[in-house]
């Protein structure tokens, strides 16, 4: 964490001192002082490494140098092409072992690997598949053949289908392709943002019938927590649509059932993994809803928050920002909690756009005016200096999701990501993964690697990684005492990680 005003005064003073004494031959001592001051402002720049950490940092810098000097630099490449190289990197291997704290920006239907979804869930009894006219698939669990619909004229029991065909591996692979964005040639497959977003939202529709089956819903969440835990994450905040879940006989469960199920699964997972801190839900709705629907949804969010205070963290809008309604359109609905004296924290997606000067481009400012707790993505923040300063002074962090921003075509080369500037300035932020399963990424390690290597090059060090991990807990919605306990637990894990990495 940076002391804003003292740091700024030191910066201005040193600049004036240097300029006042410029005589054509710069003083090397002042140059060194400027370099040191700039380094201190970076994310992690004010963290003092102990002797063991310094040894590990020396090792890390050598590993980084190797990746930087390799013929292909992964952050400069599309993730789908770079993943193979990243997986072979010793830096990535170290980051995987590193305790990363919390994942604060993750979506419910994209947190579990699609391999598990296909090879576990679609092999369960009573799972039906439909091959649609749009060359996609739909799934549903049913005690008998499901009724036909406008998008599915014929359903096939998957168990029977697998018994009839010889190559079940190819069938499973086709399902996996329908559940991810991965392709060998992403530039050709997704020539623009609208194309990739259309495919992106289609993926969620494919997963919908699987994940909303009530028994799978619970198993899916448990598996998601397990996969994040295995990636050395101790706490998760999940953006969740909380759709109706269904039973085998077609009965539907409401949002209260889903929240209670989340609470049950999280408690069960914590019982089995005592060092896991927990998980909370940020209730979300698509930003294409109208004003009347927004009022109803915010009222629903307040009820959920009242009924499930331990698991319900707050509210957000999701969906392609450029094609959705701007936050200001929902001003009446978003003002309801304050008008009623109710605390409903907001966690708005804002600035996930490169459309400067549009109504959507004002979402960053409006998010702060509505007192958002964190800002999802904030890709456009660097183009709004006043809003950026507001966010810094309000200590509102940006949830940066590097791979998502690249795959959804906001940036091609991650060295050019605006977060590189934010981290150089020590702006409050966290690194998260958004939709790792859809991108074929690990829970968080791939995004950490891309940020660490792409945003700062050789200037980032072990202190950068340590502060990012600490930030993830500092900016979580954990109550103060639990937050302090979580940070203490993280530091114990961190010391163990440093020790073991030096063996």
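Positions of Cβ are set from backbone N, Cα and C atoms, glycine also.
Remember, predicted model here, so these are calculated numbers, not experimental data.
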Of the candidates 286, 349, 384, the one that Swiss-Prot places in the Zn(2+) site of 105, 107, 434: 349
Among 67, 87, 108 - the residue Swiss-Prot places in the same substrate site as 197, 198, 199, 200, 201, 202, 203, 204, 286, 319, 435: 108
105, 200, 349, 434 screened against residue 377 (active site, proton acceptor), Cα within 10 Å - retained binding-site residues: 105, 349, 434
Among 105, 198, 204, which are recorded as binding-site residues, the nearest neighbour of residue 152 (disulfide bond) by Cα: 204
Around the Cβ of residue 319 (substrate binding site), the count of other Cβ atoms that are within 10 Å: 18
Pairwise CA distance, residue 204 (substrate binding site) versus residue 434 (Zn(2+) binding site), rounded so that it is a whole Å: 13
Recorded substrate site residues 108, 197, 198, 199, 200, 201, 202, 203, 204, 286, 319, 435, farthest C-alpha pair in Å: 18
DSSP-derived class (H/G/I helix, E/B strand, else coil) of residue 105 (Zn(2+) binding site): strand
